[in-house]
């Protein structure tokens, strides 16, 4: 079998780390807003720094993606799916960066302190404006649900590639089947 | 591509592969629905409380869902340095921190009449210059009537007016009290409290327990009260006016500053922190942590207390939640109330700008 062109190790580590963080974040978020038990404030305390971490890692990842070659999609993929793959990745990146920014902006507009950990508070990025707070708070929920939807499609597509098409797409991110990396082929 | 899929499906176990592709996202959706409480009806959420306040008090868009009738006040808090050995929060040092506060009546009706026995509250937002803000909402009752969020929701529902009579059904509250002896005891303490003339000469209690953490990391269970310097006067008789509590406060502030001492009570061995219906025994160590000075009243219409929430879990470093379940519930419910009212059209509040500065528009 031909060798697989992998994503760079750095890109793969970022991908799987962020996959865990984003799923954790979506579940923390939905539990947080549907409970009034003491878990509420512990989840809120976790949600804010985790969200900012995702924002920072997403920026690193975006720069990394621009700088380092990405394995191409297989030629056998129809153009429509190629376009869907491209668009869904743009949406994923936009939400990985946009969702934490909306969260940060919403807390800023609501005059909430954006506490990372006790004693460390981020500055507001928007002026105090309750109507804006209400609008951004709703936007935050909708964007989170859209992110969850895109993550589900992403997961289903990855499994389709890995289990049904059995092409190079899934192993390029898991690092399976062979050892060639995108870094090697670029050099 | 379709040919490759057909080929896979024709193999032994091919359909199992397809099932796996579908199963993973489906399981995630199920897990999400389970986490959200969509599969089990009746989960107590902030939304439950919004519905409950709607049933008890009716819809009042643009207003806080509880403690709806209020007025903004501003001033400052000056730490005495006495509490520094218990908490490393900056505001306890000998320094001055600006304050935006709010006096209010408990209940979700923004135009209810003032009456002596209605529960009065004071909300405070203390903002030390170099960060470490503290928000609180404290009340002029000795203990909280219930132990946790679920009981509070049931307690509110038991007091809701009947659609026909517009009055609560006494049998509902009797049934609740029969199940909750702790509420019977708490309500007896509430009833026995000494009423004062108004907001200015009243004492406001944290009710909930929190933890102070000092520079060495030592944790101390605490409750606190704002104790007035103003001498207590007896409550007004009938016919004092529908907004007399607020008008008296505005008049008092027009004559000069009002002051309270932040008296912190240090919990002793065996004092319950998880149950706000239980008062701590008298004689506990008390620390005078500083003085709150209020100098100015402003209407909520355009005033500085309208667009913020007095979330009791916005705490500075050096103050932390305890195992008391009520503050987390208040935090969650206030957040929901804040989002809803901030997105709703505004109605002028009972205490208008004209009430505060007669003659000005």
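Including glycine, each Cβ sits where the backbone N, Cα and C put it.
TrEMBL annotations: computationally assigned, not manually curated.
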State the residue range annotated as transmembrane segment by TrEMBL; the candidates are A:67-89, A:90-112.
A:90-112
Annotated transmembrane segment segment (source TrEMBL; candidates A:46-63, A:118-135)
A:46-63
Long-range environment of the transmembrane segment (A:46-63) - Cβ separation under 8 angstroms, sequence gap at least 6:
11, 14-15, 17-18, 21-22, 24-25, 28-29, 32, 93, 96-97, 99-101, 103-104, 107, 114-117, 122
What average pLDDT is reported by the model for the domain 'Cytochrome b561 bacterial/Ni-hydrogenase' (A:6-176)?
96
